[in-house]
Amino acid sequence: MLRSELRDMVVAMVLWGILLPFCLSQTTSPSQDGKIKFRLAGYPRKHNEGRIEVFYNREWGTICDDDFTLANAHVLCRQLGFVEALSWSHSAKYGPGSGKIWLDNVICGGSENSIEKCVSRGWGNSDCTHQEDAGVICKDERLPGFAESNIIEMQVDEKRMEKIRLRPLKGAHAGRLPVTEGVVEVKFKEGWGHICNTGWTIKNSRVVCGMMGFPSQRSVGKKPNSLKSAYRIHSVTCSGNEAHLSACTMEFSRANSSAPCPGGGAAVVSCVPGLQFTQGRVRKAKLNPVPQMRLKGGARAGEGRVEVLKGSEWGTVCDDHWNLQSASVVCRELGFGTAKEALTGARMGQGMGPIYMNEVQCGGDEKSLWDCPHQSITAEDCKHTEDASVICNIPYMGFEKLMRLTGGRTRLEGRVELLLPAGGGVRDWGLICGDGWTSREAMVVCRQLGLGHASSGLRETWYWDSSNVTEMVMSGVKCKGDEMTLTDCQHHSVVSCKRAGAQFSAGVICSDMASDLVLNAPLVEQTVYIEDRPLHLLYCAAEENCLAKSAAQASWPYGHRRLLRFSSEIHNIGKADFRPRLGRHSWVWHECHRHYHSMDIFTYYDLLSLNGTKVADGHKASFCLEDTECHEGVSKRYECANFGEQGITVGCWDLYRHDIDCQWIDITDVSPGNYILQVIINPNFEVAESDFTNNAMRCNCKYDGHRVWLHKCHLGDSFSEEAEKEFEHYPGQLNNKIS
């Protein structure tokens with residue numbers, strides 16, 4: 001009897017477990033009138049992104065972000081007429097909507113042709129608020145045959161400001177960039193208009209200057225002449241903390257009409273540029289005080305993952321409640337304007353190390369992000385997949401007009417040509433010598449042209465269409481990688497190029513995404529040990545130059561070499577896979593170890609004295625770049641077995657165990673003492689990355705002749721500059737940069 005009751009209870013529980021999801025989730029039923037429309041809303045945003053709004057049963061509403069995924073975004077973007085989704089946003093990133101929340105707990109596979117085919121709680125069944133409205137970011141590429149009017153019913157408001165600009169005042173500096181002072185002009189559907197300055201305040205100017213890329217404003221010294229203008233906007237009132245003028249209160253005239261501006265004229269602002277956008281900007285940037293904030297992983301100036309300095313170590317910020325006000329505080333602190341976008345979900349790549357801040361809620365007038373209310377982090381609060389990022393407004397400098405790419409197959413690639421003075425006030429185009437050209441120089445070119453990250457830096461461009469430009473005008477270019485223009489980099493004062501001819505001029509290939517490799521520093525510290533390895537086991541290692549030079553004079557096969565061994569775990573935390581520069585047809589077969597080398601040098605291992613002298617070294621040719629393990633939800637793509645493709649997928653890592661050949665430094669000739677262990681990934685910048693400053697790792701090393709200890713292992717850019725100098729006690733290579 002008891003067994004029968006137990007069986008019935010189990011059956012009931014199983015049925016309840018099966019039926020419950022069907023009670024809560026159902027395929028979204030069609031609209032009663034069959035007319036479902038979609039649009040993107042919110043502000044500020046681009047035309048291919050925004051809060052997703054659905055027109056159902058004659059009423060516009062939103063979609064809740066509960067259970068929202070990229071698969072949902074793919075379906076919605078296709079219904080909006082775009083080919084696919086790039087990302088999605090939660091927590092009303094584009095502002096809260098109004099009216100109904102039509103859909104909640106939507107779960108799509110990604111291949112559905114309509115959101116109606118996805119599972120959800122049903123139309124109008126939601127427990128969300130508009131603070132949970134979902135948004136999408138679609139790839140800016142239209143589906144063939146999709147008429148714009150069919151899929152996006154844009155709610156174009158007469159009052160919407162499409163663009164804002166400063167028209168320079170007449171005077172000595174009218175043609176100088178950036179434009180820091182001028183008449184505020186606003187673009188509407190029907191053209192440009194002015195703002196009546198009656199009641200205009202310095203707080204209003206602060207908002208406009210922020211949009212123009214300037215951190216602060218000043219009083220206007222000169223008033224413009226009387227303008228016969230269309231004053232579409234009147235009575236503007238800002239608090240000064242808005243990220244966009246559209247967030248201020250104001251009065252509008254009707255379209256195609258204007259109202260007079262009694263006793264006033266056009267609004268004029270005067271802005272103060274950040275140090276990096278002033279005359280002599282390179283020299284002044286070097287004199288800047290030690291920063292407490294930085295941006296990492298971005299392709300362009302003024303964008304990147306937000307990192308803050310606490311004590312002597314850099315850490316990231318969690319994206320909970322991250323918004324434009326908080327992002328604008330970061331941007332102004334760094335000498336930019338207000339934030340154009342406050343990005344969540346590690347859109348600029350994941351950081352490493354500590355996460356210092358969570359639930360940051362700035363008012364907008366704080367001098368530093370540390371001044372804003374925020375929560376400390378516990379282990380359960382955040383992961384680096386939630387690192388906050390920003391895209392700041394920066395002043396227009398016209399840098400892209402001084403450079404162009406020619407001969408390439410797309411606008412993202414080509415031979416680099418510079419516009420430089422040619423004498424007599426004439427400017428002419430010229431080429432750059434390809435000698436010594438690397439992906440770091442390509443990074444600067446792609447940044448200057450606004451084309452994203454560098455994919456490749458090319459020393460020969462003979463395979464691209466030739467142009468009538470043949471003269472070399474720059475050579476010996478050596479960049480750190482973070483410069484805004486190529487002329488900011490070191491270069492020869494007099495052109496000197498070993499290989500003449502346009503076919504040996506520098507070229508680049510740019511890309512929206514880039515990889516970013518970092519070493520797991522704690523693992524190096526945990527796995528280090530010393531091995532006395534017999535010479536008869538080291539023939540292959542000797543063939544591949546993995547031993548010190550003194551090994552050539554050893555009594556082979558007798559004796560041994562003393563090896564400092566450790567594991568290297570190399571993570572790709574960027575936004576694109578790390579691939580060898582050369583295709584598999586160019587890989588070199590090494591018979592002794594029975595494997596292919598896809599890169600000549602992938603990693604340097606160095607043991608340095610405290611004065612910076614190299615006392616022992618090693619290297620690791622990338623005989624097998626593959627995905628050893630990946631984070632949850634990420635699939636392996638690269639495997640070396642059977643001459644497979646080599647690389648490291650985003651979110652995966654390649655592990656070189658301590659017990660494999662050449663995973664060591666030969667310290668047979670090293671005396672006991674204190675040293676620095678240094679590991680540098682991708683040391684020759686052979687493959688482009690979004691950030692080279694985190695490619696170096698250092699540890700304090702103590703060797704007593706029998707045992708070895710490592711401590712304070714850290715990435716080269718994880719400490720403040722002062723702490724790093726104290727650590728190394730010597731000048732030289734810092735953060736894998738030239739110093």
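Just so it is clear, glycine is given a Cβ too, placed from its N, Cα and C backbone atoms.
Feature annotation from Swiss-Prot assigns signal peptide to 1-25. The feature disulfide bond is assigned by Swiss-Prot to Cys64-Cys128, Cys77-Cys138, Cys108-Cys118, Cys196-Cys261, Cys209-Cys271, Cys238-Cys248, Cys318-Cys382, Cys331-Cys392, Cys362-Cys372, Cys433-Cys497, Cys446-Cys510, Cys479-Cys489, with sequence analysis given as support. What Swiss-Prot lists as N-linked glycosylation site is Asn256, Asn468, Asn611. Here Swiss-Prot flags Tyr656 as 2',4',5'-topaquinone.
Cys372 (disulfide bond) falls outside any helix or strand according to DSSP and counts as coil. Taking the C-alpha atom of Cys128 (disulfide bond) as reference, the shortest distance to any of the recorded positions Cys196, Cys261, Cys479, Cys489, Tyr656 belongs to Cys196. The number of other CB atoms found within 10 A of the CB of Tyr656 (2',4',5'-topaquinone), across every protein chain shown, is 20. With a cut-off of 8 Å between CB atoms and residues at least 6 apart in sequence, the same chain places Cys196, Asn197, Thr198, Tyr231, His234 near Cys261 (disulfide bond), listed in sequence order. In the three-state DSSP assignment, the secondary structure recorded for Cys77 (disulfide bond) is helix. With respect to their backbone Cα atoms, Tyr656 (2',4',5'-topaquinone) and Cys382 (disulfide bond) stand 29 Å from each other. The secondary structure of Cys446 (disulfide bond), as reduced to three states from DSSP, is helical.
Looking at Cys138, Cys238, Cys372, Cys479, Cys510, the disulfide-bonded residues in this record, the fewest other C-beta atoms within 10 angstroms of the C-beta turn up around Cys372.
Over all protein chains present, the Cβ of Cys362 (disulfide bond) has 23 other Cβ atoms lying within 10 Å. The Cα of Cys108 (disulfide bond) lies closest to that of Cys392, out of the recorded positions Cys248, Cys331, Cys372, Cys392, Asn611. Comparing local CB density within 10 A for the disulfide-bonded residues Cys77, Cys118, Cys128, Cys248, Cys331, the maximum falls on Cys331. Looking at Cys433 (disulfide bond) and Cys318 (disulfide bond), their Cα atoms lie 44 Å from each other. Put simply, Cys118 (disulfide bond) is 40 Å from Cys446 (disulfide bond) when counted between their Cα atoms.
Counting other Cβ atoms within 10 Å of each Cβ, the glycosylation sites Asn468, Asn611 show the lowest value at Asn468. Proximity of Cys382 (disulfide bond) to non-local residues of its own chain (separation of 6 or more, Cβ distance below 8 Å) is seen for Cys318, Asp319, Asp320, Ile355, Asn358, given in sequence order.
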